[in-house]
Amino acid sequence: MKLSRRSFMKANAVAAAAAAAGLSVPGVARAVVGQQEAIKWDKAPCRFCGTGCGVLVGTQQGRVVACQGDPDAPVNRGLNCIKGYFLPKIMYGKDRLTQPLLRMKNGKYDKEGEFTPITWDQAFDVMEEKFKTALKEKGPESIGMFGSGQWTIWEGYAASKLFKAGFRSNNIDPNARHCMASAVVGFMRTFGMDEPMGCYDDIEQADAFVLWGANMAEMHPILWSRITNRRLSNQNVTVAVLSTYQHRSFELADNGIIFTPQSDLVILNYIANYIIQNNAINQDFFSKHVNLRKGATDIGYGLRPTHPLEKAAKNPGSDASEPMSFEDYKAFVAEYTLEKTAEMTGVPKDQLEQLAQLYADPNKKVISYWTMGFNQHTRGVWANNLVYNLHLLTGKISQPGCGPFSLTGQPSACGTAREVGTFAHRLPADMVVTNEKHRDICEKKWNIPGGTIPAKIGLHAVAQDRALKDGKLNVYWTMCTNNMQAGPNINEERMPGWRDPRNFIIVSDPYPTVSALAADLILPTAMWVEKEGAYGNAERRTQFWRQQVQAPGEAKSDLWQLVQFSRRFKTEEVWPEELLAKKPELRGKTLYEVLYATPEVSKFPVSELAEDQLNDESRELGFYLQKGLFEEYAWFGRGHGHDLAPFDDYHKARGLRWPVVNGKETQWRYSEGNDPYVKAGEGYKFYGKPDGKAVIFALPFEPAAEAPDEEYDLWLSTGRVLEHWHTGSMTRRVPELHRAFPEAVLFIHPLDAKARDLRRGDKVKVVSRRGEVISIVETRGRNRPPQGLVYMPFFDAAQLVNKLTLDATDPLSKETDFKKCAVKLEKV
C-alpha cells in the first residue's frame, strides 16, 4: 500500500495515539504501526513551557528514540513547537551526569577541591553531617532549599513536607518566584484565589487578543498558532501587542505598541479612565460583583534595607489598602488622560485610543495575555491588579472568549509551585504559613505535633542569596533549576554566598550547569520520562505520565533523593522536646516514617502497577509512592474550589482542569453554569473572597528602580528566544537547536550602534553598575529594540547576562525585575 507523506504522518499519529490508549486502529494505520512495532508509544506532557502540550513518546531498547505531537491532546492537537520535536535529545547530552560528585582534596571534602565521584551513601553522609550541624548550632533558619516549577507535583509536595514539617524550616522557595510570584499575589489580592479563571478554549471564541509583555510567538508558540488561526480566519478579530521592543508577535499585530519601560502602569490606568469616561462600565456586573480599594503607595523596591531606595520609601513592602468610593476611583484614574499617557509612554494617541476601544466595546470579547513583561516588574503585582480592573469594569471575565489570562513559563509552575505551595509562605491549596488555622489543617492531616510548621515566612529566592552571602543560611540544596545563571545580580549577591567557606551547597541536576559547577556537591538527577510524573499547566490542567525508561548510571529522581535522605533523620534530631511530648508515639521514628511511609501514603500497593510498568521509587519502597502522595495532597483542595480528580483518572485522560467535581472538569471559574461552586441565581461569585466580590484597586504609576542616566545611558531588557528554554541547559545539548541559535547576541537599534561606532557582528562589552559581559552586536533579526534600549537573552552560559541585572523585586511578590536596568556599551 502506498501512502503520501501527509497520509503517512497522519496515520502514524493516529496509530500511535490509539496504540497508547489500547484502542483498535484502521488498517492503514495498523500497517504503519507494523513497520515500527519495536517502538513503544505512551503519552506525556512536554518537558518545556507552561503551555502543557501533549506528546507521544516513543521508546526502544531502554531509550527515548522519538517524539510527536499527541493528536488527542486538546492543548496542541498533534502539533509541537521546534523544542517539542527534539525532546528525546535533551536526555542524551554527552555530559549527562551519572554519579554524585563531591569537591574533594586528599580524600575528603574540601570547598576548594576538585569534583570527585562518590557513592550515594557517601553523598548522603556528607549532607547528613552538614544538615545536622547547622540545625544543632543555628537552628532551622540556617538551612534552605531552592526548588522548581519543573518539579513534578509529588516532588514539590515531598520537598515541602520535608522542609516545613520535617526540618521545621520555611526556607524553601521555587524558581517560580522569578517568574510567577507577581501573578500569584495579583490573583490573591483581586480574587482571593490563585490561577486563571479561563482556559485555552477562549482562543477560538475571542474577538480581540491583547498581549501585555508577552512574546507568545516564541515563548508560547502552540498557543500563538491557535491565535494566528483565529485572527487570519476572521477579519473581525483584532490583535494588539504591547512591549518595550518589537518582536515576532508584532508580525500578527493590528496594533503594535512600543512603550517606555515601566509605563505600562500608565496605559492600564488610562484605559480604565477611558472606560469610565465613555460610559462603558458594565453597571449590572460592577454593582453586584466588585469592591473598590485604594492601595498603599511608595512601597520600595525589595532591595536590602540599607539601600537608599528602601530608606527613602514611605511604605516599604506594604500590601495595605482601604475602601474607596466609585467617585474617588473615577477621580483617581481621571489623571491618566490621553495626552498625559502619550507623553509618559511615548505611544501615539491613536494607538492608545484603539487599544482602549477594544476593552470599552461591549460587543467585543477580549482576552488579555501576559507573562514576564508584567510579572518581572518592580510593580508586577500592581500591573496584574490593573489589568484585572479593566475586565472587572467591563464584566469581560469568566465567560467563553473573555478574561484576563496569566501565562506561565514552566511546565508545573502552576501545578507544583503554586498549587502544592512550595513557596516560602504557602501551603497546599492557597493556604499560607502565617495562618494558624491553615497550619493546623496541615499538621492534623500529616499527623505531626501542633506547632511543628513555623508561622514565620521563610526566605524567598533573592533573600536566600542575601542570607547565604551574610552567612545566615549555611546549607542550601537546589533542585531542578539553574539559579546561578538565571537569578539576578550574580556578582554581588549570589556567587559570594555560594563560594563562602561557611556554606555547603548541593545541586541536583542532570547536567553540569553553571549552578552545578559552583556547588560543593552535585547529585545526578533523572529527568522527564525517566520517572513517573505530573505537571499542572497554565489553564489548570493536571497531566500525568508514566516512567518510560530508566535514568542512566546512578542518576535518581528528585523524589527518590528527598525520600531517601529523610531516612537519615529521627524526630529527636529535628524537633524540640515540647513537640515530641505532644505525640510521643513519633519518638524514635525517622522523617521517612513520619512523612512518607505513613499508613495514608503507603496504602496503595505496588501491585496496582502493571507488571512491566517501570516505577523505580515505588518498586524500591514497596508501595505506590506517587499515588499515595498525590491522594494525600489532593485532599487539601477537595471541597474548597481546588478539587483534583482521583489519581487513576489522570493516567486515562489527556489532563483535567480543576476544579474537577463529580468527574467533570471546569473550563470557566466563578460564573454560573460553568463553575460547580457558583449556585443557580448567583450569576458570578468570586468565592475566594468572603463576600464573593472581586476587588478593583487604585494604584498609580511609580518609576523603575534603575533607569538610564548620563553614564549608563541604555535600558537593558533580558528574556528568551524560541530555540532555547530558560538557561539552555537542556536545549543547548540538542545539536539542531544549538546550531539554530548558538550564542547570545545583543539586539540593538542600528542608530544606537552607529552612534557607538558598532556594527553588526562586532564584539561589545555590556557594562552595568554590577558587572560586565562580552556579547555580539545584532542590529537585525527577530527583535528590534527602539533607540535607548538593548535586549539580550539569558540562555548562554558563556554570556551571563545576570551579572548585569539588579536584584530589585516587586516588594509584594518578591519577584525580580529582569526587564529594566541601566547599562552602557564599550567596543571591544
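Quick reminder: no glycine exception, Cβ is built from N, Cα and C everywhere.
What Swiss-Prot says about this one:
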SIGNAL    1-31  signal peptide
DOMAIN    39-95  domain '4Fe-4S Mo/W bis-MGD-type'
BINDING   C46, C49, C53, C81  [4Fe-4S] cluster binding site
BINDING   K83, Q150, N175, C179, 212-219, 243-247, 262-264, M372, Q376, N482, 508-509, K531, D558, 718-727, N802, K819  Mo-bis(molybdopterin guanine dinucleotide) binding site
BINDING   F794  substrate binding site
Spatially closest candidate among C46, C81, F794, the listed binding-site residues, to Q246 (Mo-bis(molybdopterin guanine dinucleotide) binding site) (Cα to Cα): F794
Mapped DSSP class for F794 (substrate binding site), helix or strand or coil: coil
Of the binding-site residues listed as E218, M372, V721, H726, F794, the one whose CA lies nearest the CA of C81 ([4Fe-4S] cluster binding site): E218
Around the Cβ of H726 (Mo-bis(molybdopterin guanine dinucleotide) binding site), the count of other Cβ atoms that are within 10 Å: 23
For the domain '4Fe-4S Mo/W bis-MGD-type' (39-95), the number of residues DSSP places in helix, strand and coil: 9 helix, 20 strand, 28 coil
Cβ-centroid neighbours of [4Fe-4S] cluster site C46, C49, C53, C81, 8 Å, sequence order: F48, T51, G52, N76, N80, K83, G84, P221, I222
Cα distance (Å, whole number) from C53 ([4Fe-4S] cluster binding site) to E218 (Mo-bis(molybdopterin guanine dinucleotide) binding site): 15
Pairwise CA distance, H726 (Mo-bis(molybdopterin guanine dinucleotide) binding site) versus C49 ([4Fe-4S] cluster binding site), rounded so that it is a whole Å: 9
Distance, the residue listed as 'substrate binding site' to V721 (Mo-bis(molybdopterin guanine dinucleotide) binding site) (CA atoms, angstrom): 9
Inter-residue Cα distance where the pair is K83 (Mo-bis(molybdopterin guanine dinucleotide) binding site) and C49 ([4Fe-4S] cluster binding site), in Å: 10
Rounded Cα-Cα span from C53 ([4Fe-4S] cluster binding site) to K531 (Mo-bis(molybdopterin guanine dinucleotide) binding site), Å: 18
K83, G213, M372, F794 screened against C46 ([4Fe-4S] cluster binding site), Cα within 10 Å - retained binding-site residues: K83
Integer Cα-Cα distance in angstrom, C53 ([4Fe-4S] cluster binding site) to F794 (substrate binding site): 24
Assigned element (helix, strand, coil) containing H726 (Mo-bis(molybdopterin guanine dinucleotide) binding site), judged by DSSP: coil
Between F794 (substrate binding site) and M372 (Mo-bis(molybdopterin guanine dinucleotide) binding site): CA-CA distance (Å): 13
Site of maximum Cβ density within 10 Å, from binding-site residues K83, K531: K531
C49 ([4Fe-4S] cluster binding site): tally of other CB atoms within 10 A of its CB: 27
C-alpha spacing of F794 (substrate binding site) relative to K83 (Mo-bis(molybdopterin guanine dinucleotide) binding site), in angstrom: 17
